[in-house]
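TrEMBL lists His31 with the feature active site, proton donor. Marked as ATP binding site by TrEMBL: 24-31, 143-146, Val172, 180-183. Feature annotation from TrEMBL assigns beta-alanine binding site to Gln55. Residues or ranges marked as (R)-pantoate binding site in TrEMBL: Gln55, Gln149.
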Amino acid sequence: MQVYTKASQLASFWGQEIGFVPTMGALHPGHASLIAQARAQNQIVVVSIFVNPTQFAPNEDYQAYPRTLQADIALCESLGVDVLFTPEPAQIYPFGVLERITLQPPASLLGFEADMRPKHFDGVLQVVLKLFNLVRPKRAYFGQKDAQQLLIIQRMVADLFLDIEIMPCPIVRDDDGLALSSRNVYLNSEERATARKIPQALMYIQKAIQEGERDSAQLIALGLEVLQGLKVHYLSVCDRQLAPLAQIQPNQTLILCAVQVGAVRLLDNLWV
Ligand code: AMP
């Protein structure tokens, strides 16, 4: 495995069939599942680890974000990654972050995370487009865990005519059902026990749907019952354009959830 820190080093792989997995590191089995899928489908696998400053607000955890580079290198090596790209910000923002070109998602894809983190997706789009241009992948792998991010990136690819296949990957969960996230390390044991209610609420909703319930308000009420006492930022039923749905439409529905537990905002969702 090559570990590259300079943007220019990636050019040696251009033209090959590249599967790309962009991450912020502190890798866990959720990331590993994306990497394994990329490994199975491409000649060359490139993983990036870059904690992107422009997607963090000043009050957020950019400095404190978990960084576990040695363990990440070992994991990538064990998964057969060809290139691990770990740039410093100056490689990605050659003119400085204040002098960067900016991108924005359309208003219809905002709300949810963007209500809590107004500039977050601007930063995500900027860095993902830059990484796409540096890596030149045929396919790029993203987790359904970050559903809104995935939809916004799919829109960018379609709207800017990027010749890249976006490959959505299912959510990987811990044994207790909690969706894996690099930020789960911030939870103490009591918070961790509370956090389990999030997948429980979604499973409860899923069961009700399987039993025939279609009404969004009913389903949300069921979920909120399980989440009673927790600080729910949103629990919403919408379509794949993020427009609200009063009734479940099979294969077109997303149930999005964000809950504050201690210092951590936890995201989870169901693709129905
Ligand atoms: P991050 O390092 O948090 O920016 O995540 C990098 C990629 O891994 C994103 O596409 C995430 O959606 C994906 N990812 C993170 N956690 C999970 C998970 N539990 N299951 C599947 N994909 C995940």
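Yeah, the Cβs are placed from backbone N, Cα and C, and that goes for glycine too.
What TrEMBL says about a protein is an automatic prediction, not a curated fact.
Taking the features listed in TrEMBL, we show where each one sits on the structure.
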residue : record                    : DSSP class
Met24   : ATP binding site          : coil
Gly30   : ATP binding site          : helix
Gln55   : beta-alanine binding site : helix
Gln144  : ATP binding site          : helix
Gln149  : (R)-pantoate binding site : helix
Val172  : ATP binding site          : coil
Ser182  : ATP binding site          : helix
Quiz item: Which of these recorded positions (Met24, Leu27, Gly30, His31, Gln55, Val172) have a C-beta closer than 6 Å to some atom of ligand 1?
Solution: Met24, Gly30, His31, Val172
Quiz item: Rounded to an integer, what is the Cα-Cα distance in Å between Met24 (ATP binding site) and His31 (active site, proton donor)?
Solution: 10
Quiz item: Could you give the Cα-Cα distance between Val172 (ATP binding site) and the residue listed as 'active site, proton donor', in whole Å?
Solution: 9
Quiz item: Roughly how many Å separate the Cα of Leu27 (ATP binding site) from that of Gln149 ((R)-pantoate binding site), to the nearest whole number?
Solution: 18
Exercise. Around the Cβ of Leu27 (ATP binding site), how many other Cβ atoms lie within 10 Å? Please give the count over every shown protein chain.
Key: 24
Quiz prompt | Rounded inter-Cα distance in Å - His31 (active site, proton donor), the residue listed as 'beta-alanine binding site' | solution = 19
Quiz item: Which ones in the same chain are close to Ser182 (ATP binding site), with CB under 8 Å and 6+ residues apart in sequence?
Solution: Met24, Gly25, Ala26, Leu27, His28, Tyr65, Pro66
Self-check item: Set of same-chain residues at least 6 away whose C-beta sits under 8 angstroms from Gly30 (ATP binding site)
Solution: Gly143, Lys145, Ile171, Val172, Ala179, Leu180, Ser181
Quiz item: Including all protein chains shown, what's the count of other C-beta atoms within 10 A of the C-beta of Gln149 ((R)-pantoate binding site)?
Solution: 21
Quiz item: What is the total of other Cβ atoms whose distance to the Cβ of Gln55 (beta-alanine binding site) is within 10 Å?
Solution: 21
Quiz item: In the structure shown, with every protein chain counted, which of the recorded positions Met24, His31, Gln144, Val172 has the densest set of Cβ atoms within 10 angstroms of its Cβ?
Solution: His31
Quiz item: What is the interatomic distance between the Cα atoms of Gln55 (beta-alanine binding site) and Gln149 ((R)-pantoate binding site), given in whole Å?
Solution: 12
